[in-house]
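As recorded in TrEMBL, the features of this protein are as follows:
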- B:90-303: domain 'ABC transmembrane type-1' (DOMAIN)
- B:1-23: region 'Disordered' (REGION)
- B:32-59: transmembrane segment (TRANSMEM)
- B:94-115: transmembrane segment (TRANSMEM)
- B:127-147: transmembrane segment (TRANSMEM)
- B:176-199: transmembrane segment (TRANSMEM)
- B:237-262: transmembrane segment (TRANSMEM)
- B:282-303: transmembrane segment (TRANSMEM)
Amino acid sequence: MAGRRWGLVAGYAAAVVVVVVTVVPLLFVVLGGFRTNGQLNTDPAGLPGPWVWDNYRSVVTSPDFWRFLGNSALIAVLATALAVGLGSMAAFALSRYAFKGREAVYALFTLGLLFPLGVATLPLYLWLRQLGLLENPLGVAIPEAAFSLPVTIVILRPFMHAVPGELEDAAVLDGASRLGFFWRIMLPLSAPALTTVAVLAFVTSWNAYLLPLLVFNDSAHFTLPLGVATFQSQYSQDTARVLAFTALSMVPALGFFAVAQRRIVGGLTGSVKG
Amino acid sequence: MAAPAPPRPLARTVHSARERPARRRGRTRLELALLLGPSLVLFAGFVLVPIGIAVYYSLYSWNGFGPLTNFVGLQNYADAFGGAVFRGAIGHNVVIAVLSIVIQLPLSIGLALLLDRKLKGRTVLRMVVFAPYVLSEAITAVIWLLMLQPNGFVDELLRGVGLGGLVHQWLADPGLVLYTLFVVMTWKYLGFGIILLLAGLQGVPPELREAAALDGATGWQTTRHVVLPLLGPTIRIWVFLSVIGSLQLFDLVWIMTLGGPANASTTMASYLVDHGFKRYEFGFGSAVAVVLFAICFVFALVYQRFALRRDTAGALTRAVS
């Protein structure tokens, strides 16, 4: 009994430590945005006093922040649509059709789980240059979709495989073709798994740094991660403003996470168990 | 499955009578091409082929412009391994991987075990702990860059709690920079490990713990001999992801240190980008990319063979028994 109580106490102590360590850097950024550079210099770990809104105001009213945000959103939506659209078709083929070489094709896709984007970047860059996709959102969205395909297929295939064959028979009986079955029955049934892979593809693309770094030279095309890093080096003397900029850049990711939390965690643990 | 087939439904019979088998097979092929084709094209075109081309480029001395004429064979590889900077970079990647396993893993396991109780506010706790993982590496890098400024937030905090003696040039000291980066990585990825392990712990049947307790096992014995072995698959996957991630480390390094000072935090990926895109050594950069890929690939194969295979076998025996 006593052991259990101590366990509980230790649990709460661990929870407090973990939360503090996690949250303090985030609070530093958010609160720092409400301070002046003078305040930050004289007392780096202090609280805002008085609270200053100028930094946040200047970020929110500058077109840069919104442009970065828009670019990131556009690229992430494109990459997600491509990865989930094409990935679900491939997963359907790999789970419901018997054909020679099926396992080989599947193995090829799972191999993709190991390929670091970094390895492919040099030829990928030249390839995109040849295709005229540099400085183009598609130049980032298409490769990111390609790199998201493996995880999409690896999660969707077992899910689609588990859908009972009787459902397919019934659909055929009602005159549906196999593609009709895919479109009208399999996709709606797979909605939970589709949401998971969509969230994963979206987050991956949203957070990507290397590919946008290579593809975009013109800051008008920058995505948020690229924009934050550039803003930091550009205004390194104006720490307060960089803090405000960074704090606002965290908002979409954290907000999205709060909404999609279950899907993100579920997707990760699901892929581990699967 | 083995039950005798029911009489074929009428619709299907009519269907197959109209469409002869050969035609149906043709149609299946068409459907397969339609379903699989786009993914294969995308995947081959933007993942597989670029990696294959990297192997080809790596045999040339080339600046990325003009024709590929200057064939140098394996010279780029010899140059890469002959240089102390690249050998150092591999070493840095390995140090990060080893530190992850030696420090992050026990830390995540310990915290997951402690947090695997019916604590109040558990849902909120999980969300908070996971938050850094959701932020991009770029944002993480900028946050810590700002906190680690000389006489900045971290230094002030240390002085505030009487540990002023610990204050260092966190990112400018060649002997320290790699460990500073490791701390930042731990901040970002610890939550991921904890959540993964908590999910694994939910898969441990409570009866097993109760049975162990009835047999007189202490809490520690139960953890050591019952819970940890059952966490094996989760731990092995975590190790796999962590090592592959350590080998590919780029964003944090590039934004926080550019591999400096004096190459003390150069990684294979930062070395590759530095030579490929900053110095236009596309042939040499490709050779580095191929080495990075080979290391990841060999590790994955070996790990799959010796560590992950057991999980598949274990899953099978568990399903049968």
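For all residues, glycine too, the Cβ spot is worked out from N, Cα and C.
Stretch with the largest number of CB pairs closer than 8 A to the transmembrane segment (B:176-199), among B:94-115, B:127-147, B:237-262: B:94-115. Listed by sequence, the residues of this chain that lie at least six past the ends of the transmembrane segment (B:282-303) yet keep a Cβ under 8 A from its Cβ atoms are 51, 54-64, 70, 72, 76-77, 79-81, 86, 90, 239-240, 243-244, 247-248, 268-269, 271-273, 275-276. Within the same chain, residues 122, 125, 178-179, 181-182, 185-186, 189-190, 193-194, 196-198, 200-201, 223, 227-228, 231, 235, 238-239, 242-243, 246-247, 249, 267 sit at least 6 positions outside the transmembrane segment (B:94-115) and bring their C-beta atoms closer than 8 Å to a C-beta of that stretch.
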